[in-house]
Amino acid sequence: MEMKKSGLGTTAIHAGTLKNLYGTLAMPIYQTSTFIFDSAEQGGRRFALEEAGYIYTRLGNPTTTVLENKIAALEEGEAGIAMSSGMGAISSTLWTVLKAGDHVVTDKTLYGCTFALMNHGLTRFGVEVTFVDTSNLEEVKNAMKKNTRVVYLETPANPNLKIVDLEALSKIAHTNPNTLVIVDNTFATPYMQKPLKLGVDIVVHSATKYLNGHGDVIAGLVVTRQELADQIRFVGLKDMTGAVLGPQEAYYIIRGLKTFEIRMERHCKNARTIVDFLNKHPKVEKVYYPGLETHPGYEIAKKQMKDFGAMISFELKGGFEAGKTLLNNLKLCSLAVSLGDTETLIQHPASMTHSPYTKEEREVAGITDGLVRLSVGLENVEDIIADLEQGLEKI
């Protein structure tokens with residue numbers, strides 16, 4: 001079903017649906033490991049890719065196909081691939097496009113496990129990795145080499161919400177025709193930002209977050225052009241990682257996407273109100289949010305994003321000790337990692353999600369010991385603020 005001319009909410013609900021034998025409104029969960037062939041000849045044709053059809057759920061499943069079609073439509077890309085986690089999506093993609101002797105340019109500020117993969121994983125297998133500030137385009141330009149195969153980044157970045165000009169960066173990266181630009185779009189989602197429309201080659205997601213939105217699934221997604229998607233599916237996913245998403249989990253995300261647009265509207269609206277509260281609070285030292293005019297990436301965010309998101313990071317006067325006091329005294333906000341859930345989540349990046357960094361690496365990346373990260377949920381905003389207020393009073 002072609003939905004590219006429809007609104008985002010309509011696309012999230014209707015795109016990629018498959019007709020099934022019984023005409024069910026909800027997508028069936030095809031809970032099977034393998035699929036029966038009509039004949040030996042048909043099995044041979046499918047393995048030879050001469051005939052479309054399912055073989056084995058690691059290679060594809062009807063429930064998962066619907067999810068893949070939906071994310072491709074939402075990102076306005078040619079093809080999607082579902083994986084068992086965000087790290088599965090990132091790893092499968094990188095193991096497909098990289099080989100020993102290749103070079104990667106990436107940002108100093110990344111999700112902790114992505115940083116560990118770049119800093120300790122890829123380098124074990126002969127891939128050179130250079131860390132730069134990708135918001136500084138001169139640094140990107142100076143880091144590029146003849147063997148640069150990938151430029152990888154997040155925008156907004158986790159956890160300090162740094163913004164990168166995707167269109168300008170893609171133009172620099174593509175001066176080398178062999179370089180692929182890969183962007184983690186988890187924080188922005190296709191509700192706010194569509195990197196493929198700005199020159200990016202591959203988009204990755206932790207679908208655990210806003211796309212599912214209910215905190216009950218671990219999943220990853222990749223969107224790119226068809227040729228690359230086929231390579232990632234049949235090399236990175238099939239042979240290198242085996243990070244296959246089960247049909248049950250795919251179903252949960254398909255269901256979550258039915259409310260995707262209205263959830264994102266509420267997330268962002270709540271966040272704007274909370275930013276205003278935090279920015280005026282006497283115990284808050286600094287607020288990091290791309291919707292603030294004082295944010296260094298504000299103009300770029302305004303240009304390439306529809307809204308500014310629902311992730312807020314802030315530093316308290318009193319540093320980490322003040323942060324611990326706040327975290328330990330909240331009653332409504334949940335002290336938990338992850339993000340994009342219906343519940344408001346709060347955590348301490350330096351000791352939690354970004355603990356793979358050394359203290360020195362965190363300082364270079366702008367992840368201070370006093371930084372607190374807030375994922376704004378869907379509760380009534382006055383209740384979230386009241387909880388933050390009473391927690392801040394304890395400092």
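Placement of Cβ uses the backbone N, Cα and C atoms for every residue, glycine included.
For reference, Swiss-Prot has these:
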BINDING   TYR56, THR57, ARG58, GLY86, MET87, SER206, ALA207, THR208  pyridoxal 5'-phosphate binding site
BINDING   TYR111, ARG373  substrate binding site
MOD_RES   LYS209  N6-(pyridoxal phosphate)lysine
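Annotated features taken from Swiss-Prot, shown on the structure.
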{"residue": "TYR56", "record": "pyridoxal 5'-phosphate binding site", "contacts (Cβ under 8 Å, 6+ apart)": "SER33, THR34, PHE35"}
{"residue": "THR57", "record": "pyridoxal 5'-phosphate binding site", "contacts (Cβ under 8 Å, 6+ apart)": "THR32, SER33, THR34, THR64, VAL244, GLY246, PRO247"}
{"residue": "ARG58", "record": "pyridoxal 5'-phosphate binding site", "contacts (Cβ under 8 Å, 6+ apart)": "LEU237, LYS238, GLY242, VAL244"}
{"residue": "GLY86", "record": "pyridoxal 5'-phosphate binding site", "contacts (Cβ under 8 Å, 6+ apart)": "TYR111, ASP184, THR186, VAL204, HIS205, SER206, ALA207, THR208, LYS209, ALA219, GLY220"}
{"residue": "ARG373", "record": "substrate binding site", "contacts (Cβ under 8 Å, 6+ apart)": "PRO159, MET311, ILE312, SER313, LEU339, ILE346, GLN347, HIS348, PRO349, THR353"}
DSSP-derived class (H/G/I helix, E/B strand, else coil) of ARG373 (substrate binding site): strand
THR208 (pyridoxal 5'-phosphate binding site): tally of other CB atoms within 10 A of its CB: 24
Sparsest Cβ surroundings (other CB atoms within 10 Å) among the binding-site residues MET87, ALA207: MET87
Where THR57 (pyridoxal 5'-phosphate binding site) sits in the secondary structure, as DSSP reduces it to three classes: coil
Count of other CB atoms lying within 10 Å of the CB belonging to LYS209 (N6-(pyridoxal phosphate)lysine): 21
Listed binding-site residues (TYR111, SER206), ranked by Cβ neighbours within 10 Å, top entry: SER206
Secondary structure of MET87 (pyridoxal 5'-phosphate binding site) (DSSP, helix/strand/coil): helix
Secondary structure of ALA207 (pyridoxal 5'-phosphate binding site) (DSSP, helix/strand/coil): coil
